[in-house]
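Have a look at the structure below, then the notes.
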Amino acid sequence: MSEMTPREIVSELDQHIIGQADAKRAVAIALRNRWRRMQLQEPLRHEVTPKNILMIGPTGVGKTEIARRLAKLANAPFIKVEATKFTEVGYVGKEVDSIIRDLTDSAMKLVRQTEIEKNRFRAEEMAEERVLDTLLPPAKDQWGQIEERDTNTNTRQIFRKKLREGQLDDREIEIDIAAPNIGVEIMAPPGMEEMTNQLQSMFQNLSSGQTKKRKMKIKDALKALIDDEAAKLINPEELKQKAIDAVEQNGIVFIDEIDKICKKGEYSGADVSREGVQRDLLPLVEGSTVNTKHGMVKTDHILFIASGAFQVARPSDLIPELQGRLPIRVELSALTAKDFERILTEPNASLTEQYQALMATEGVDIEFTESAVKKIAEAAFRVNEKTENIGARRLHTVMERLMDKISFDASEMSGQNVIINGDYVTGALGDVVENEDLSHFIL
């Protein structure tokens, strides 16, 4: 789990997301509170529950981007889901319980990777010995039995040196590695998930312990053997328990598009993917126990962050019980032309930086002047005002139009230096800057 302070988390988010200080502060405090809670002693630790967050704001202002960046910072089990993908229990479609199952699978991968890294040094040594055994098969005695290998022979040490220096990387060898598990996906009828999990485990156990001969280059064989040896050093039952603990204590669920499951108007028919889904979400958010193939998972201390544009519906259209379980509300503001200017230049891997790097692969040096950045931002802002406001995503459309000619001709422009200034932008985006013909920029 991340031990970053709220100020450090906000600073990290600032490198990728412009503005939205309130939203950044809210998620930073929530993430830090996860760490604070773990410093408490029982039984007080059990009593401290997470304060779930509802982020409200128009499309394209950074709600989903905050979730993406948070996933990298959290160093904890994290899953982002779309609320519209789920249906009420009893109908065809995904049930909300699958969120926790997917989160547990994510935790298994995270914990497994951590354990592999812990054992990597030992696994590398064992993999190296296996490669050397293949290159220098141990001798057999007069009865055909393999003699105990001597790891310190001169020949073996010479080969070990060559192996570590990469001199043998392109040589092909045949090795025995564990056969991959049979991946079987079974769609379970409602209420029969436990049987499905047992069937999946049965199919996976069919291939466990089996090995497969594969021919590959030594550099690829080493990677495969390191993973193979590291997997042998991991206790599967201990891994499951660590993953379940990680989900229960540090898990974070980000539910996007929650406004799309709000009930609109007085509609009395079956509400399979709206109010029914909200009611199914209630026990998860409040705290319940979900059966997964790795074991039972309690959701009492999982942090839920929901977000939605709420352009048609309002937060008050959510059922009251769910509103009460999302106590922290953060409003994200619409982006201005000044924000667009900052988005084009300030974040790590900004749009202008991306296009410069792409054109550099063709030997073309691109330079954006301040006036060009200002004109691009104004053009994107104007299109958003006159048509559908899709926030920062509009910049992608405008930039593609601006760079269209250069991108097409770049392969014949090697060695050239192109300066994109205000006049160039006006010429390329003239139909939006002067004539306000916006049809080219509507997605």
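Residue 1 is the first one shown; counting continues down the chain.
Using the three backbone atoms N, Cα and C, a Cβ is placed for every residue, glycine included.
As recorded in Swiss-Prot:
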| type | residues | note |
| --- | --- | --- |
| BINDING | Ile18, Gly60, Val61, Gly62, Lys63, Thr64, Glu65, Asp256, Glu321, Arg393 | ATP binding site |
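If you take the C-beta of Glu65 (ATP binding site) and look for same-chain residues 6 or more apart in sequence within under 8 angstroms, you find His16, Ile17.
Long-range Cβ proximity for Val61 (ATP binding site), meaning a same-chain Cβ under 8 A and a gap of 6 or more residues, is found for Gly19, Gln20, Leu332, Ser333, Ala334, Leu335, Gly391, Ala392. In the structure as shown, the Cβ atom of Glu321 (ATP binding site) sits within 10 Å of 13 other Cβ atoms. Annotation: Lys63 carries the greatest number of neighbouring Cβ atoms among the binding-site residues Ile18, Lys63 [cut-off 10 Å, Cβ to Cβ]. In the three-state DSSP assignment, the secondary structure recorded for Glu65 (ATP binding site) is helix.
According to DSSP, Glu321 (ATP binding site) sits within a helical segment. Comment: ATP site residues Ile18, Gly60, Val61, Gly62, Lys63, Thr64, Glu65, Asp256, Glu321, Arg393; largest CA to CA distance 34 Å, whole number. DSSP assigns Ile18 (ATP binding site) to coil, not to a helix or a strand.
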